[in-house]
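Heads up: the structure comes next, in C-alpha cells.
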Amino acid sequence: MEKSWFNFMFSKGELEYRSGLNKAMDSFAPIEKTTIKKDRFIYDMDKNFYGWGERSSYYNNVDLLVSSKDIRNFISDDTFFVRDSNKNSYSIYFDIKKNKFEINNDLSDLEFFFYSYCSSSYLNNRSKSDNDLHYDPYVKNTKSNCNNHINSCIDSYFRSHICIDSYFLSDSTNSNESYIYNFICSESGKIRESKNYKIRTKTNRNRNNLMNSKDFDITKNYNQLWIQCDNCYGLMYKKVEMNVCEECGHYLKMTSSERIELLIDPGTWNPMDEDMVSADPIKFHSREEPYKNRIDSAQKKTGLTDAVQTGTGQLNGIPVALGVMDFQFMGGSMGSVVGEKITRLIEYATNQCLPLILVCSSGGARMQEGSLSLMQMAKISSVLCDYQSSKKLFYISILTSPTTGGVTASFGMLGDIIIAEPYAYIAFAGKRVIEQTLKKAVPEGSQAAESLLRKGLLDAIVPRNPLKGVVSELFQLHAFFPLNKTEIK
C-alpha cells in the first residue's frame, strides 16, 4: 500500500494542491498527527454506511475539476495523509479493489464535505425513514455501483478543492504514471477559465515516457485554452502566459492572429488581400496528397488562406504596415501567394510612408510551387530596396522560431533593425541537412538566436512581453509618432 501526502494551502479562495508518492513517510516534510486512529468512520462497499450524518451542502454549485471515470487511475489502494490550512492532519484510506473507504476521526474539511455530499446529492433525492440515516437504496450491493459512489464522493470533493502544483516523487513501479492535470475537465467538456488557476508541473521522470504517454491528449481537446510546453511538458493557459512556459521559460509557437493581437492596438487592424489563394501554378503531383488538398486542409486547420497575414494597424497609436507569417500553415512555407501579399504590403507602406514590420516564421520556399516560390525571394528583396534606399523608410524584421531557408536568405535578414525572440532557431539550412551533406556534427546551439547575436547577425533579442514597447520606441526614435500623442505608453 502506497502512502501519499496532500498539502492543502488556502489562498484567495484557491487551494494549492501538492501530492507526493513514496514508500515511506520519512522523506516528506514534517507531518502532524499522521497516525491513524482506531476510531474511524468506515464505509464498506459491500455493506452500508457507518457514521454518515445529515448536514447541508455548500459545494453544490462548484465546477467539476476531476472526472469520476478517471479517479480510479489516481487513487487505488492508497493512504492519504492530509493537512489543511489550519495544520490539522488526518488520514484517508482508499482501497477500491477490496471495496473499502476509511477515514480517521479527525476529519476536518473532508468529513464535512462527504457528509454534505451524501445528504445533498443522494439522500435528498429519495424517500427514507427520518430515523434511518444509514439506509441508502441508491447504493446497491454491487461492486460497480459502490465504486461509482466512492468515485462520486471523491470526484465531488476534488472538484471543489483540487488545484494546481502537482508532482510525483515515487520510484515505485506501482505508482500512477499520469499527471493530475489530465483530470482537470468538466462535465460540459470545458476547462475552468478562472485566472486564479494556474498549472505547474515538476517531474523527474523520464521525458521519453512522458512524450509517449497518452496522458497528453488533453491538449487536443482543449487547445483553444491550454497549451503544452515542448520542453518540460507542463500545461499553461496560453492567453495569460503568451505561450511562454512559466516553469522553464521555453518559447512556444504563436499563430499569426496571436502575434497580431500582441502587437496591434485593439480595433485598429485592417487586413489586406484576404481572398488571395494559390491556384497550384505548376500542377504539382504528389503520391501522398495532392497540393490542392494540402492547401484545403491547411486552410481548414488555421482559418487562413495562406501562410501570411498582412494589413495595417496602430502600434501604441503609431500607424504601421504589418506582415505576420504562420508556421501552422504548411510550415510557413513561402509560395507565390505569400510573396505577392508581402510585396503588395511593402508597396502600400512605401506609398503611404508607413513603417514596416515583418514577423518571420517559416521553413523556407514552398517546393510544391517550384521556381515560382524561389522567385518570391528576389521580388520581395527588390521592393524592399526601393522602400529602404529610395524612400528612406524604416523596416523592422522580427525573427521567430523557426526562421529558415528562403525567408532567412531574403527579407528576414534585410531589416534596418533585426530582432529575434529568445531561443529562436534561425538558419538557412537546417541542422540535419548540414550534417547529412557535410558529414559533420553541428554544434548544439550554434543556430540559436543567442549564438547569432554574439556573432553580430542580430541587433537584439527581445522577449515577448516588452516587444511592443521596444518596437514603439524604435519607431519614435526614427520619427514615427502616434496619431494621438496621448496614446504613447
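A Cβ is built for glycine as well, from the same backbone N, Cα and C atoms used for every other residue.
Per Swiss-Prot, the feature Zn(2+) binding site maps to Cys229, Cys232, Cys245, Cys248. Cys245 (Zn(2+) binding site) falls outside any helix or strand according to DSSP and counts as coil. Annotation for Cys245 (Zn(2+) binding site): same-chain Cβ neighbours under 8 Å, separated by at least 6 residues, are Cys229, Asn231, Cys232, Gly234, Met236, Tyr251, Leu252.
Summarising the annotation, Swiss-Prot assigns domain 'CoA carboxyltransferase N-terminal' to 225-489.
Residues or ranges marked as zinc finger in Swiss-Prot (evidence: sequence analysis): 229-248.
For Cys248 (Zn(2+) binding site), the same-chain residues lying six or more positions away in sequence with a CB closer than 8 A to its CB are Cys229, Asn231, Cys232, Gly234.
Per-residue confidence over the zinc finger (229-248) averages 78 (mean pLDDT, predicted model). Neighbour count (other Cβ atoms within 10 Å of the Cβ, all protein chains): 21 for Cys229 (Zn(2+) binding site). Other residues of the chain with a Cβ within 8 Å of the Cβ centroid of Cys229, Cys232, Cys245, Cys248, the Zn(2+) site, are Asp230, Asn231, Tyr233, Gly234, Glu246, Glu247, Gly249, His250.
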